[in-house]
Every structure is written in C-alpha cells, then in structure tokens.
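Below is one structure, written out as structure tokens; the observations come after it.
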Amino acid sequence: MAQETNQTPGPMLCSTGCGFYGNPRTNGMCSVCYKEHLQRQQNSGRMSPMGTASGSNSPTSDSASVQRADAGLNNCEGAAGSTSEKSRNVPVAALPVTQQMTEMSISREDKITTPKTEVSEPVVTQPSPSVSQPSSSQSEEKAPELPKPKKNRCFMCRKKVGLTGFDCRCGNLFCGLHRYSDKHNCPYDYKAEAAAKIRKENPVVVAEKIQRI
C-alpha cells in the first residue's frame, strides 16, 4: 500500500492544447500559456474601468466641448471684424515708414516699365575713305623693292668688264687698267685706315706710376 501511495502521477499536457507539458500549479497550463493568460486578464481589467468612466461622462463632456468651440469661433469672428474695421479707418500717415517706402518703390518701377518702347532703326555704317588710305600705304610699303641693276662698266673708260671688273673701296667698278688708286684718283684715304688699324692692333703700353711712401 505504501508503494502505491508513493507513486507520482504521470506528466500531463497543457490544457490549451499547445503541445507542451502543463503544471497543476499553473492551472494545468504551460509557463508560456499561463503568462499570456495573466496578461489578458490584466488588460481586460484596465480597459473596463476606463470604458465605464468614459461612458458615464461622455454626454456632459461632449456638450461642454461643443459650447467651448462655439464661443471660440464667436470670439475669433469678433476679433477679425474689429481688426478689419481698424485697418480701414487707419489714415495713411499712421502706416509704418517701411510700408510707405515699399509702395513708393513699386510705383516708381511701374512708371519705369510703362513707357512705350521705341523701335530703334538699324544704323548702317559706311566705311570712311580715311580707313582705306592706311591700307593702301601699307600695301605700297610691303611691295618688294626692285633690285638695282649691277654695274658692269668701268667708271673711267666705260668699258664693259662683266665678271672681270674690280670693286674699289670708293664704291666704283673699274677695269684692269684703272683699278689702281693712282689711275682713277681714288678719294679713299688708305693712310688713315692703316693708321687706325695699327693703333687698334698695337695699343700703347704705359707702366704704372710708382707711389712713394
């Protein structure tokens, strides 16, 4: 008999049918289902007093809110009417300076934009003769100068020498007989040229003076 009484009962499933094992302490439900059950009870307990309170106070609160809204609208309409009448009765001198300035600037802009736009006729400019003159002078300057004919006659006897002529330092062309300076009385000064050349090639050497102590 003692053995039969000590035997523990077998595991029982959750009463909600979730498939987990239940516990007799949690009304035969598992821990998860029991927590959900408690949360539902708490939520239902909170909602019920709020619903009753709102149901009892709804008619009076609605009527009071409607009356307040009507009074607010009446006050707004009265204030708007008074402000409009005041604005109509305010003289021009009482307006702020900034508003007067803006009105003056707008009127000036209207006056500037209103004048009729005159159609401007196209102006045709004709080239003046003074402009063409420099171009003609420039063209004349750019024209190549004609080469001077080369001298091919002797300056003394006027004999044709061709390529066998001799140029003198005086700038003339002579034949074989008159190429010497004494034959054609050459005006070029050979002595002065030679003296200048000698001075250039042989500068004067002067010793430095001895400074006495």
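In case you wondered, yes, glycine gets a Cβ from its N, Cα and C as well.
Note that this is a predicted model, so its numbers are computed, not measured.
Residues or ranges marked as Zn(2+) 1 binding site by Swiss-Prot on the basis of sequence analysis: C14, C18, C30, C33. As annotated by Swiss-Prot, Zn(2+) 3 binding site applies to C168, C170, H184, C186, with the evidence given as sequence analysis. Under the heading compositional bias 'Polar residues', Swiss-Prot lists 40-66. For 120-138, the entry in Swiss-Prot reads compositional bias 'Low complexity'. Swiss-Prot lists 139-148 with the feature compositional bias 'Basic and acidic residues'. Swiss-Prot lists S48, S58 with the feature phosphoserine, giving a large-scale study or a structure entry as the kind of evidence. Annotation comment: Swiss-Prot describes K209 as N6-acetyllysine. Summarising the annotation, Swiss-Prot assigns region 'Disordered' to 39-149.
Locations of recorded Swiss-Prot features on the structure.
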| residue | record | DSSP class |
| --- | --- | --- |
| C14 | Zn(2+) 1 binding site | coil |
| C30 | Zn(2+) 1 binding site | coil |
| C168 | Zn(2+) 3 binding site | coil |
| H184 | Zn(2+) 3 binding site | coil |
| K209 | N6-acetyllysine | coil |
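Each residue in F155, R169, N172, F174, S181, N185, P187, Y188 lies on the same chain as C168, C170, H184, C186 and has a C-beta within 8 Å of the C-beta centroid of that Zn(2+) 3 site, without being one of the site residues. The Zn(2+) 1 site is set by C14, C18, C30, C33; from the centre of their CB atoms, other residues of the chain with a CB within 8 Å are S15, T16, G17, G19, F20, G22, M29, S31, V32, Y34.
Taking the Cα of C18 (Zn(2+) 1 binding site) as the reference point, the closest of the recorded positions C168, C170, H184, C186, K209 is K209. Neighbour count (other Cβ atoms within 10 Å of the Cβ, all protein chains): 19 for C33 (Zn(2+) 1 binding site). Cα spacing between H184 (Zn(2+) 3 binding site) and C14 (Zn(2+) 1 binding site): 154 Å, rounded to the nearest whole number. Note on proximity: of the recorded positions C14, C30, C33, K209, the one nearest C186 (Zn(2+) 3 binding site) is K209, by Cα distance. You'll find the Cα of C168 (Zn(2+) 3 binding site) roughly 142 Å from the Cα of C30 (Zn(2+) 1 binding site). Sequence-distant contacts of C14 (Zn(2+) 1 binding site), defined as residues of its own chain at least six apart whose C-beta falls under 8 angstroms from its C-beta, comprise F20, Y21, G22, G28, M29, C30, C33.
With the fewest other Cβ atoms inside 10 Å of its Cβ, the least crowded of the recorded positions H184, K209 in this structure is K209.
Of the listed binding-site residues, namely C18, C30, C186, the sparsest CB environment within 10 A is found at C18. Local packing around the binding-site residues C168, C170 was summarised as the count of other Cβ atoms within 10 Å of each Cβ; on this measure the leading residue is C168.
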